[in-house]
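K.L.:
Heads up, here are the entries from TrEMBL:
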type: DOMAIN; residues: 141-255; note: domain 'NAD(P)-binding'
type: DOMAIN; residues: 275-438; note: domain 'NADH:ubiquinone oxidoreductase intermediate-associated protein 30'
type: DOMAIN; residues: 447-552; note: domain 'NAD(P)-binding'
Amino acid sequence: MENCLSTAISSSSSSSSSPFSIFSIQGASSNVGRNFTKSCMHTQLLSCQLPKPFLQLNGRPKYLLNQRRLAYLYSGTYKGPIISAQNQGWDLGRFLKTLYFFNGPPSPDKIVKFIIEKLSGPSPEESEKKMETTGYVLVVGATGGVGRRVVDNLRKKRLPVKALVRNEEKARKMLGPDIELIVGDITKASTLPSEYFKGVRKVINAASVIIGPKEGDTPDRAKYSQGVKFFEPEVKGDSPEMVEYIGMKNLINAVRESVGLQTGKLLFGFEDQISKELDWGALDDVVMGGVSESTFQIDRTGGENGKPTGLFKGIVSTANNGGFSSTRTKNFSSPADLSAYDGLELRLKGDGRRYKLIVCTSTDWDTVGYTASFDTVVGQWQSIRLPFSTLRPIFRARTVSDAQPFDPSNVVSFQLMFSKFEYDGKLNPTFVEGPFELPLSSIKAYMKDPITPRFVHVSSAGVTRPDRPGIDLTKQPPAVRLNKELGFVLTFKLKGEDLLRESGIPYAIVRPCALTEEPAGADLVFDQGDNITGKISREEIALICIAALESPYACDKTFEVKSVVPFSEPFTVDPENPPPEKDYNIYFQTLKDGITGKESLEQSAVAV
């Protein structure tokens, strides 16, 4: 059965009269088990007589073949010819061992119950879970000047949005009763458990330390809206270190699994200094009466450049209507959520044969397996990408047309297979009986190209200037001049930026100049290196952040932005003749990698 038990039942298996046709039957229907009565399957199952040895090697009996197989599976390469005979004996011990590995102690009662359930049980789709809504954009700092505009514009675009807020009552009044809220505080990691962010795929962080006038503001915050230059400022509430640095660290840790890493997620194998091993077990055609054998080992020096690798190897035979070997992991202790990614990448050394990868989303071991075949090149290490969109729902070697879509948020096991059969009665054109081996150094989830930002952060122009040598502070904005007096606000903003740049999350960092309440629409200046001063509309920043989420040109870029309108001139928009919508990609395309403004700080440090 092309499923998570041991995929690859042929299209003809449905006609088998064997009780064991519920297991993975390759090729024509198996004769094994036809003489088992219900009573034999129960208390007498362990004592049923099996036929005499059936598989010969150069005229020698089966026990010699078993010795050769054992030697091949656990040491060198077996090269002798295999002569298969149909309708012969069945290794009951291996069958029970397989059940034990995946399902625990195989008592006769348990085996009979399993068989009866599968013979008369429900269709496989009944065990499938419904897909949950995913793809949310999380807005952090959603009740602030930029954050609430981000929320409004996301809703106008009919994009699913959630807001992370500290005060639920305030957020409801400001954002409306229908907004989905996550109540938490970025300065307190305990309020941000990762399960809160399941389904979040992108983040716009507009949270910022609060700075206001020492003597207080007007009810409509007129002083604050005028900008820092018009009042004597002080930090209100949590310190810049807690908000801009500790808060960023907590937020990154909370959403990392949900939004994903640009380098992918290692699920099995050995990569750089990271390793992740899984518990693999053989799941061969013995479960339906065949005699193929396989194993999965860790070879500590057999990988690329002498590094460790997994090794799937065995001997495959079509005797007893078999014809497949496979290895499958035990169910993961908790399902892997791969929703942030687009597919699975296998790093392996090919042998010219076609194999299958089966991904299971159900803990049942006889259910639909989401399957993809892949071809390999002889003697070459290669990376094979299998997009989630290409995984086919297969049950007992047949495509299940009405199966639930593949759910990447609930992956529970992997299976590798070398099989005589493809799907729906088709044959594997590369299938050859005999020994095989497939070194597999890693399985990881990947993001497809082009990668776009998953985390857009609103920082501030000027973050590198307080410590920049030779700068004339009298010509700098108040926040730069008063950095120390304001709790080193720009210093900690820069530290927070660095955390995001080092996180592995695809990002964009937007550094606005002085923020205003003016409407969006003015012509813009994008720059890098942290040198410009000026003003920019909060509404414009909100639109830039949303556009950055969809632009590969913005990915991993840090940039400043201002409008061309000087401080001395107010910017207004004629409602009857509004400016055209901007194509922000035109601006993003001018950005370069690796420019943050820290270059001048590093150069001065080297000079000293």
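Yeah, the Cβs are placed from backbone N, Cα and C, and that goes for glycine too.
For each listed feature, how buried is it and what is near it?
P.N.:
Here the domain 'NAD(P)-binding' (447-552) returns a mean pLDDT of 96 for the predicted model.
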K.L.:
Within the domain 'NAD(P)-binding' (447-552), how many residues are helix, strand or coil going by DSSP?
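P.N.:
Here the numbers are 33 helix, 20 strand, 53 coil.
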K.L.:
Using DSSP, how many residues in the domain 'NAD(P)-binding' (141-255) fall into helix, strand and coil?
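P.N.:
Split into helix, strand and coil, the domain 'NAD(P)-binding' (141-255) gives 49 helix, 23 strand, 43 coil.
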